[in-house]
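Working notes, structure below.
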C-alpha cells in the first residue's frame, strides 16, 4: 500500500481549532496558544487541502482509498462503508449513509478525546502548581524549623546560665542574711557590755566624789583635839610664833591658795590629757573610716607580708616595754604615755590584720569564689598567745596605776592637812564647785551635740550607701546581660535587652558608677556607715580594748577568723545595723561552738548608748 498519511478535512481542522480554543484557552499558557495559532494559520486553507488530497487520494486510487478506509474502520469496530449485496457476484456499492455515520462517530470521538486531553492537561497544570507550592512551603518550613532549633538551643543555654546565676545569688543572699544576724547579735552583746562598763564607771566616779567631799567639805570636829606635852624647842633656840587668829587666818589663806593652785594645775593636766586622748581617738576614727571606706586598693601580697612582720615586731616591742617590774616604779605621766603608745600600736595591729583579711576576701570575690585563703594554724596560735600576754600585761599595768593613785591620795592627806581641810568649808568653795559643775554641763552639752552630728552624718552615709547598692545591682544585672555569648540579630538583641532592663537604647546599658569615696564596692561591699559606730564606741583604755581580744585564743587551733566589711542600713535615729562579713574557716576537727564564742568575744568592745552622761 505504501506510506499513507492521515487525511485532514479543512472543516474538521477549523472545528478542532475552535474547540481547542474554547476548551483550553483559559488553561493553557499563552506561548502554547500562540504556537497553535501560528501552526493553524501558517498556510492558506486551499493550498493545505490541495496538498493533503494530492498526497492521499487521487483520481486514480479512489477505490483503493475507500477500501483502505473501510478496512481501517471495520478494524476499529465501525460498520462497513459498503452496502451488503444480496448476491456474491454483484459489485458492492458505497453507502453514503454509513460513510456519514462513521464520520459523525469519528468527530464525536475526536471531540471526546480533545475534551479528555484538555481536562488531563488542566489537571496536570493544577498538580504542577500544587507541587511547586508544596515544595516552596516545605523549604520555608524546613528553614523555620532550623531557625527554631537554633533559637531553642540558645535559649536553653541562656536559661541554664540564668539558673546558675540565680543559684549563686540565692547563696549570696543567704550568706548575707546570716552575716546580718551575726552582726546584730554582736551589736547587742557590745551594747550590754558597754552598759555594764558605764555603770561600773559611774560607781567609781560616785565613790571618788564622796571621798573628795569627805576630804574637802567636812568641818573639823573641835571636840576632838590633841595637845603636845614636853614641847621640844627649835635648834636655833628661837621661840615659835604664837598661834593667834591672825596667824591661823593667814595660814588658811595660804592653804587655800595652795589648794587652788593645785586644783588649777590638775585641771590643766586633765585638759591636756583629754585633748591628747581626743586626738588619739580622732586618729583611730579616721583610720577606721579609711580602713572600712569603699576605696579599697588591690590586695598586695608583699604589703601583707610586710604588715605581718610589723605586727609581730609591734607586739614584741609592747611586750618588752610593758614589763612587770618596770610598771611599779613609773609615774602617772609615764604610765599614761605608755598607755597611749600601746593603744596606738594595738590599733595598728588591728588595722593591719583587718586589711589583710579584707584583701583576702576581695581576692576571693575577684577570682570567682575560689577557695578562701586561711591563716595557718601555727601563726594563729602564736598570734593568740602574744595577744594573751599583752592583755595580761595591760591588766597588771592598770592595777599598778590604780594602786599608785590610791597611794598618792593616801599619802597626800596627813594629819596636818586633814585637820586643816576639815575647817575649810566656805562659801567660795561652793561657788567654785558650782562653776566647775556648770563647766562640766557645758562640756556635756557640747559632747551631746557632737555625738548627734556624728550620728546624722552616719545616717546620711547609710542612705548614700543604699543608693549606691541599688545602682550597683542594676550595673551588675546589665553586665550579666552583656556577658551572654550568643550572636543574635541586632533587633533580637535590642528586644532582649529591653525586656530585661526596661529600655531598648544601648546607651542606657552603660552605667557610670559614682566615685567610691562615699560608697563601697560590692559582692564584698564596704561599710562607711558602720565606721561611725565603730569609731564612736572604740575603747579608751586597754582594759576595754584588750579583753575583747582575749577569747580569740580559745579553740584557736581549729578556727580562723576572717572579717570583711559588707553593708550598713540605718534602722533608727542614732542607731545603725552594721553588716560586716565574718566568716570562719574551720578545720574538720573544730568544735561547733568555737565561732560563736570567738566572734562575740572579738567584737564585744563595740558598744552603743544613747543616754550618755
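Cβ coordinates are placed from backbone N, Cα and C, and glycine is handled just like the others.
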(request) Could you let me know which of 29, 293 shows up in Swiss-Prot as phosphoserine? (result) 293
(request) Scan 67, 129, 313, 600 for the residue that Swiss-Prot records as phosphoserine. (result) 313
(message) Are there any residues at least 6 positions away along the chain from residue 290 (phosphoserine) with a Cβ closer than 8 Å to its Cβ? List them or say none.
(response) none
(request) Summarise the model confidence on the coiled coil (266-293) as a single mean pLDDT, whole number. (result) 78
